[in-house]
Each structure stands twice: as structure tokens, then as C-alpha cells.
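J.: Once you've had a glance at the structure underneath, I'll fire off some questions.
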Amino acid sequence: MPTAGSKKKAPTPQISCLTSESYTQLDFLPDKLRTKLLPFQKDGIVFALRRDGRCMVADEMGLGKTIQAIAIAYFYKEEWPLLIVVPSSLRYPWIEELEKWIPELEPEEINVVMNKTDIGRIPGSRVTVLGYGLLTTDAETLLDALNTQNFRVVIVDESHYMKSRTAARSKILLPMVQKARRAILLTGTPALGRPEELFMQIEALFPQKFGTWIEYAKRYCNAHVRYFGKRRQWDCRGASNLSELHQLLNDIMIRRLKSEVLSQLPPKVRQRIPFDLPPAAVKELNASFEEWQKLMRAPNSGAMETVMGLITRMFKQTAIAKAGAVKDYIKMLLQNDSLKFLVFAHHLSMLQACTEAVIESKSRYIRIDGSVPSSERIHLVNQFQKDPDTRVAILSIQAAGQGLTFTAASHVVFAELYWDPGHIKQAEDRAHRIGQCSSVNIHYLIANGTLDSLMWAMLNRKAQVTGSTLNGRKEKLQATEDDKEKWGFLQFAEAWTPSDSFEELKDSVFTHFEKEKQHDIRSFFLPKLKKRQLETTCDDPEAFKEKITVASDPRKMATSDSTADKNGCEPEAKRLKSLSTEDHSSALEEGPSLQARATSMEVVHEVKPPLASPALPEKGWQCGFCTFLNNPGLPYCEMCENPRSRAAGRNHLQDNNKNDEDAAQESTSKSDQAGLECERQCPERLEAEQSANSKEEALEGGGEDRLPSQPEIGQLNNSGTLPVRETFMFCASRNTDRIHLYTKDGKPMNCNFIPLDIKLDLWEDLPATFQLKQNRSLILRFVREWSSLTAMKQRVLRKSGQLFCSPLLASEEITKQQAKENNTRRYITKEDVAKASMNKVKSDGGHIRLITKESMTQDSSLKKIDSACVPSLNPCPADLTVEPSPSKGYIQAVDKEGRPLCLRCQHPTCQPEQTAKASAWDSRFCSLKCQEEFWIRSNNSYLRAQVFATEHGVCQHCGVDAQELFLRMRDAPKSHRKSLLNAAWTAKLPLEQLNEMLRNPGEGHFWQVDHIRPVYEGGGQCSLDNLQTLCTVCHKERTAQQAKERSQVRRLSLATKHGSDITRFLVKK
């Protein structure tokens, strides 16, 4: 495929020609990117080009530094490969921006480094995205690969991460930036609190420009000798000659403030809310204050570590002391139903207190702290931005205080302060940035008599230093102090203490008297129900009783109908009758609301076993217009492209010789039951298909039904010049939701789109060619097929990186290509790996070694065996002379040339010269793909994490969000947990399991990873496409059903040994 660089020739930026013709030179940028740039952003690009692509863009947070850096790097694309170093939580947002603004980048050309051994795709990628967390001294394999690649263009986002001269990541990153020909540093806070934090960034861009470190420190950091006790220390934490430093920085740094370039942006209003605390709440804190004062008055102040440890303890005590008042303040804000706000805190105890306040107010929330994976943070941000019911975001200042966008919030609350103004301003501007439509009110909760007062004064002193250095004028955190009497109620807040003991749970657990309630005596006089008629509503036991009564009493059919409509379910008898006597359109009108059933927390669990996957007809379906027999997986007719009706999806095609009425009725009943199961499992899929169908019908219908945002199809002035395509090829991005377009010959069209945008009639990402009806219908057909796939199948298709015409056919082909060997063992063990390695050595020669995480290797004697053997990770015949059962590490094969072989596929992982540099532990796998497949098949925690990244803990059978309930249970006060479980879908679980959820809630109590094809049927050691998320209730029911089926199989097999089954004579032939 042609490379992106073959399209345009980048002009060589000359300093002399950028004075009057600078904006003209920006025409080199892609049209979509150029038109999106604001005037001040264009100035930033010109500033960088004048300095040959080496500068710092230090605009205030929220002014679009990312898009400026992408545009600057695009000018030098002939010099790529490009390295982008970002905080780990910002890797995927950066890739989204790259694919959005540079559509000529193909999915295979962007590489995200996932771990310290993921180096396989670095040499062949044009763009490599790397997280700061991987820049450690023990990442030798990764560092060697990065240095070998010789990146000519480097972007360092949030470059203030390099502030420390002694940090490992600063020492590693410094030579990489210095060696690159172009380097763009991005940060909204170059110095978080002191001028010393600027030196490493300046040194990376222009070595020795400001002299050596000693010279810089003496001149601008007021460096002097200071004594801590008897220890002599060089103190560089001061500031001096700031106006001179500001003038010198202007030559290498461009910085604009929102107040200067975005006058139309609503203002940011800071407000201090002081309040007093009751004496009982600050008792421990006062004792620490007295200890600190004694320590500072002593002639020898003692070790610095002792002083800093005491201050850290006081910081935490301040958080606990004011937590009760913060809870009351949050509850007060939640009384305004239209308010969405952010709450920032630092300590986990304060985050926990804020979360408890939201749960007690029965409001929906998100929480992002250091334990939340970076991929899940994007999902939570989207939830807060788009869901009107999610009203609160509880955020860690360090984990979520930079790089994320929360413009849906109009208020920001600081439950705690932090040590430097840089982090505070970064957190403020999560809401106050481009895209904000209302003024942002920022409230600082300041508890009098605590460390808050000292920290506020310190923040203002540091703000003056950073303001003079970066902006050329003294600044401070200007916040008006609100009326103290207005917030007087906070001083009467109940003290909050962390609930770590089990004493609170003595009266908050379930008992046998609560679980085994006395039954209604009238139930003994009612006929027993069949299993398919039993339905239980997890949240409403009364509704459960009502359904049983209605379903079992035929004299109350009228009441049954009304109840079914109200609860969103149809009785079995009514559903069978309507489907057998009415057409599909009337059935569609009478059907319940699928979306309501999917999103409601009152999920209906049936006693019958859950289906492993959506039920599809075995013999295909017949088009109602052209009568063509279609593949059962296609949602549209292959001949006439008519959308598949839901009636066709429910009914199997009957053979011509099957005219018996009873057989037909039985077939209809079974297929209808399967169709309803499919609806229950995949409501989003059906809704997406209906949405896509309606849009295509609108395109093909009359003029009044066409898309309002697009020109009239067939009446375009230049319609004759736009090419009409017979078909397109597609490639799904590995890391984002975007789909890249190719011609039928596999040539890139340099455009991409998000399927959800097409559903919402947003076509801006696609060129004018797609205004034509035929071209647009191809995209709509793709979106319809793509939406019909499960999230897991979409993920598998993305990771494959292949070109395809039809997502359904491509997914089916991937499933066929994957190994389908029967395996009744759940995981790969170390013994399996050892046997496979031994067999490889037997067949091909070489030797084996024991590798451990400590990088220790133990080589066994060389074994030259000529017998043939196919290496496999499946259990091999145990005919080995050596017992391969290492308690630690893995037995790995090494070939005759000294190359270690992959634990997964037994192919070489690296060359002999690379083996000497890399540790043995880092040479376990040949690629990231093999590594992921191995861990999925051998590590339960990794498997759960991968499934969670796709399905987010939502049950694929009943649609309940089990992860959300787990988070609420984990974060709720222990006294509230019982009421949460009583109102949730977990009421059917055993008493012991419910009480364990109360005492120590964990993810495994609420949702499980289930094998679609059971392990006992050969579905063990499988890939992700055979896994699904099930809530504990559904998983328990499915496990019970599978146990029953296995018992029946064993009983029948035992019976056949002594005679034939009599029931076989009753089966129709």
C-alpha cells in the first residue's frame, strides 16, 4: 500500500519566508485540520516552524495544544518515524486525535507500546505512542528498541513530568529528545511551583542554552547552602531573576492564556468556602500541630525525613477531619437536580467519603483514581459527558487532573488542596476549556484550624513565582471568600471515620428469617407451573407473585394482558397466538420496548438456562421480496438488499415435505422462544439494526424523508464528477472506534469514520463522494452489519487488522481460522509449557532452560533427539525422562542457534546477539499477540481484565450492569450495603453468598467470565470470542443447567451399556 508520505511533498520551513506568507504555507495541512485551527493555534504552528520544529507549546490548559502538535509534526512527516510520549491515561485519546486529523495514517502505521517487552511493531510503524510509566531502568529491551529506531521527530505531552533531574524517566527521555531533529514539548504548567522544574525541559530542547545546572540554579533558583540538623544541603527550591528568565523563555516557548485568546469563553469563578470544625474532629490534628511546633523550635530541627513525614501525616489528618463537612456539602449540591459537578481530592479516605455522600443521596456517579485502568477511564469520561443521570465525577487530583475533558460539568469542588498550583490549575481546567458553554464555578473547601490555611498561603506564594516566570507578571489564586455564615451548617457536620472494622456489620447481614419468608397458603391450591412460565423480577418480589398468579389462572387473561404490557413482557400464550396468526408488522408493533428492558435495573431472570449466543436460524431465511434464501447471519438480502424482517429472524424455513400442522406449530414455538431470547440478550443490536434500516429507507424514499443535513441526492451540481463505487473495503482501527476506508483494490482512500456518527447522521468525516446515494448506501450497509456484531466480535475483528468487505463474513472467517481443537482443560499450566518445550527440543534439537522473573536461567544438558514431534501447548504424552514441573518460572526451549523459543508458538523470540542484551524473562514471547493469547489461556486475572475492557461488566444475557452494582457496594457505607442488595437483582442468591457480598464485596461476587462453548464440551483454553460476561445469577442458572445436561449424558451413556433407551422408540422418524 502506498505510504502517507507519497501524497504531498512537505515544504522545507525557512525562517525568512514565514513572516508574511506563514498562513499560506499552512495550506500544506489536510483540509479538515487546517479549517479547524483557530487563529492563535495557527500562530503557535508558525512559531514552531520558525524554530525548525524545536520548541515548547505552553498554552494554558484547554486551548488545544494537541492539535497544534499534530499539525507541526505533519510538516515534518518525511522525517518520521514519530515518537509521542504521554501519560498512560492519554494514550488512546492521542491515537483518536491522530486518526481524526491525519486520516492518511493507516491503522497498521500507529503502534501503542503496551508493556516493556512489546517491541515487535516499533520498527515497522510510522507513529509510536509510549506511556511515561514504561520508562524505567529495568526496561532494557524496550529502551534498546527505542534507541535503535532513531526517532527523528518527538512529541512529549505533559512535559512537566520531566521536572525532576534525578527521576529515571527524565534521565531516559532527555537523550531521546536531544537526539531527535524535531522536538515539541507540550505542557500547560511548565513549572508546577519552582523555576528548577524548567531546567530539564530546556536542556532537552536546547542543551547548555542556559548554562550548566549549577549556573542555572545560582542565577534563577536562588541556590544556597542550607543545613538540616548537621547535614549540609544544596537548596535550589527558591526563585530569583524571574523577569530575565521570562524573557529568555520567550525565545523557545510560546504561551497564551484563555483570557487573552478566547474572550468568548465563559469565565472561571473561584470561591473560597471557609468553615470551622468541631473540636472532636481536630483533636488528633491539634496534637500533630503541637509536635510540629516543638520540632521546629528545637535548635537542631532533626532529619528532613522526620519533618516531611509529620507534614504528610497532618495532611491526611486534615482530610479525615473535614470529610464529614465535605459530605454534607456534596449532599447540598445534589439537591439541585440540574447540576453536574466534579469533586477533586487527593487521599483515598477523602475520595471514599465523597463517594459515600453520593451513594447516600441515591445519585449516579463515576470515580477515577489510580486503580482505574487507562482504557476504562475513557469509558467513564464518555459516560459523564453523555449521560444526564450521571451527575457527579469523583476524581483524584493526580490520576484524573490532566488530559481528560469534563465540559459537561459547570461546578468544580476541591475537597482537598494540593502542594503546588500547577496541579490545581490542571484540575480546574478539566471543565474550563474549549467546548464549555457556561461559566465554571470553582469552590475550595477550606477548613479553619487545619493544614488548609497554610497550604492556601503556600499555593499563592508559588503562584506568584510561576506567574512571573511564565506569564511575566505576578499572579495568585484569586478566589473571593464567601459569607462564612452562609456555610455555617458545615461546622455541625457529623464526624466521619473510615469504616474498616466488621463491627458495623453485626446488624447489617441477612438472616435465615429474612431469606426464608413464609409462603402464602393459597399457593398450595394452585397448579404447579412449568419452568418456561416461571419469571422472577430481581428487584420486585411483589411483581414476581403477581406474574405467577396471572400466568397460572386462565380466567384472568384480561388482567394478564394489561400486566404484561405494563411490565414490558407478553404471556407465552398470547405471544404464540400473535406470531402464528398475524404478520410481522403487527408483531413488531405489539412487541415490548427492548431498550427499556436492557437499561432498566429491574431485570427479568428466567429459570430456563441462558443462551450462549443469539439464536440464529439453522437453514437461513427467505427474503419477502425476491424469495432468495440468505445466509442466516446476514441482516439484509444478498440479492435485493432488502432489510431482513424480524419475523424472518424468528421463523425457521420449513421443508416442503413438512406440512404437518403440529410440527409447524412446534417449530414456530421453539423459534419464537429463541427469537425472544435473542431480543433479551442483544437489545442494542436490534435497535442499531432498526436505526440503520430506517436511515437507508429514508435515503431510498421520497424527498421529504431524506437526511436533512445533506444535499438532495441526484441534484448535486457536481454529481457527474463524483465517482460511484461498486464496493468498499474496510479496516477497523486497533485502538479507537474508527473505520478506515479502502477501494476494492485495497488502496487507502485517506478517510475514516465512526459508525455511531453515521447512525446520528453525522457525515463530516467523509468526503463529498458520499453524498451519492449508492456510495452512502454501502456505508449504511456496513454500519448495519457492524452493529449486529457483539462487542467481543468487534474487538476480535479490530485486533486482526485485516481488510474486509463484510464484517459478518470477516468475523465468521476469523472464527473458522482459529484453532477449534477440543480441549477440556480450562487453563494452560506450567507443566503443559514444559512438555511442549521438551517435545520441541526432541524434534528439532537444542536445549531447555528455566527462566524466572529474576532473570536467572538454568540450562539443562543439550538433548539431540531425532524423533519427530509436533510441538503443542496441549497436554502431551508424559514419556519424558526429565520431570518438567518447575515451581517458579517456565521451562523454555532454546534452538541450536541459541535463540530462545516463544512459550506460545515455539518460534524464535529474538536473535542470538539480542539475547545477550535482553533478560531471559523478557524473551518469553515472540510478539504481543502471542503474549496476550498465552495469558488469556493461563491467567484468570488477565482474562477477566480483557473481557472487562470490552464488555465493562455488563451481563450479556440479561443486560444488567453488574460492575456498577459492585462499585456502589464497594464504595457504600457498610450500613447501606444491605439495602442496596435488597433492591438489586441479587435477591435470588443464597444467604451465605449475599452476606459475603456485604462483608467483602469483590468483582467475582457480581459477575463472572463464562465460556460460551463449555469447557466440558471442548471449549477450554480458548480465545476471547468464546468468552462472555454473565452476572452471578445468570451464571449460576447456566451452570446448573449444564450440570443437569452432563448428568443426563452420563446417565444415558450408562444405560446404553446394558440396554437401549425406551424413549427412542417414541421419536418420530
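Backbone N, Cα and C define each Cβ position, glycine as well.
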J.: Examine the ranges 366-373, 518-525, 990-997 and name the one recorded by Swiss-Prot as motif 'PIP-box'.
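T.: Motif 'PIP-box', as annotated by Swiss-Prot, spans 518-525.
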J.: To which of the residue ranges 74-78, 84-88, 184-188, 1064-1068 does Swiss-Prot assign the term motif 'APIM motif'?
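T.: Feature motif 'APIM motif' in Swiss-Prot: residues 1064-1068.
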J.: From the ranges 227-256, 617-646, 827-856, 1007-1036, pick the one that Swiss-Prot records as zinc finger.
T.: 617-646
J.: Quick one: DSSP breakdown of the motif 'DEAH box' (157-160) into helix, strand and coil?
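T.: Counting residues per DSSP class in the motif 'DEAH box' (157-160), I get 2 helix, 1 strand, 1 coil.
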J.: Can you check how the pLDDT averages out over the motif 'PIP-box' (518-525)?
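T.: Value for the motif 'PIP-box' (518-525), mean pLDDT as a whole number: 57.
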J.: Which residue counts does DSSP give the domain 'HNH' (1001-1041) for helix, strand and coil?
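T.: Grouping H, G, I as helix and E, B as strand yields 20 helix, 11 strand, 10 coil.
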